[in-house]
C-alpha cells in the first residue's frame, strides 16, 4: 500500500478540494486532521463528516482549545505580540500547533506524507513546512494548491464538478481563517486597497460606529504575566479570551484593517477581528509599564517585536525564539496586579491600575504636599546627563 497522506484540514475550500484531488491524482489514501482552536462556526462533527464526504479514509478531530490558549496565545500576551505594531498573529500562532498535531497523526496513522492547502503567495506555507522540518524532517510534504498553481476559480470549479460540499462561490470569494484568538479575512474586493470593508466581512465584532451600547468597564487580573481573573472571577486563559471576545466584540473593539509585509516579499491587505486579544495585550502591556524597571522594560519592547517577527515568519521552533521566551519568563516574575479598562465604540481605554509589585511611588511622583523627591539633586543630574551633548555642541559651534 502506498503511504497515506496526512492533510491539515480546515473544512474550507482549498483543503476540501485537496482531499479529492490527492485521491484522484496520486491514488493515496488521505487522513484529514481538523484542529478545534475555538474557531466556532460549524460543529466539528460537521467538519469531520465533510472530510469523509470529500473522500478521506479517516478524519481526526482534535480539541486543542486549552492547549492553544495556554501554550500559544499566552506567550503572545506575555510578549505583547503585535506584528508591525498592529497584527496580533491570529493565524501565525495556530500553525505550529497544527504542525505538532499533524506530526502526531502521521506517526499514529502510518503516514509518510503531510499536506497543506496553502498557496505560494502566503506565509502559511513557510510556517507549515519549516515546522515539519523542525519536528519531523523525515516526512515528505505535499502542497497541491501551491505546486499545481490552483487559483480560487479553479478550486471552485473543481468543487462544483466533483460535488464537493463547500459554501464558496465566485461571487463570495473571501478567504477566512479564524480561531479563539481572532479572525482573518482576505481576498475578493478587499484586495483593492481603496475599497472599504462591508458589513458582511465582520463576524466577531459589532459595528463600533453605532454607539448604542453602554460602555463596558472590565478589570483584568494577572499573576506573573498570566491572566487569571476577569472582574474578580477566576478564569483560565481560554476563558479570559472567550469572555473578552464577547464583551469587547459587542463594543466593536478589535477591528483591524492592515496592509502588512508578508515573509514572501509582497504586501497584502487583511481584515482582522481580535477583540479578546487586543484587550489582553493592552492590559498586559499597561501592567508591565507599572511593574517593570525602566531599562528592563525598554529592552523587553525590542524583544517583544523580535518575538512577534519570528512567529510571523514561521520560526516558532527556532533557537532564538526559545531563548527569548526564557528571557520573557524572567521578566514576568513581578507582572502581577489588575488593570481596569473601558470598552466602547471600538476603543480600549485604560483608566485604572493596581499592583502589589508596582514600582510607582506616590510620594516620589506627587507634586502635592508629602512629596519626598529631593529636587536639589536634579540640577547636578541634568548637568551630567547632558554633558556629552554640551561638549559636542560647543565644538560644533566653535565655542571655547
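Note: Cβ is positioned from N, Cα and C throughout, glycine not excepted.
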Q: Determine which of 117, 120, 122, 131 appears in Swiss-Prot for the same ATP site as 8, 9, 10, 11, 12, 13, 14, 15, 16.
A: 117
Q: With 87, 123, 127, 175, 260 listed by Swiss-Prot as binding L-citrulline, identify the candidate in 72, 272 belonging to that site.
A: 272
(Q) Most Cβ neighbours within 10 Å: which of the binding-site residues 14, 260 is it? (A) 14
Q: Taking only the Cα atoms, work out how far residue 127 (L-citrulline binding site) lies from residue 12 (ATP binding site), in Å, as a whole number.
A: 19
(Q) Here's one to test understanding: among the binding-site residues 87, 119, 123, whose C-alpha is closest in space to the C-alpha of residue 14 (ATP binding site)? (A) 119
Q. Given the binding-site residues 10, 16, 119, which one's Cβ is surrounded by the fewest other Cβ atoms within 10 Å?
A. 119
Q | Neighbouring C-beta atoms (10 Å sphere around the C-beta of residue 87 (L-citrulline binding site)) | A | 22
(Q) Neighbours of the L-aspartate site 119, 123, 124: Cβ within 8 Å of the Cβ centroid, same chain, sequence order. (A) 118, 121, 122, 125, 126, 127, 262, 264
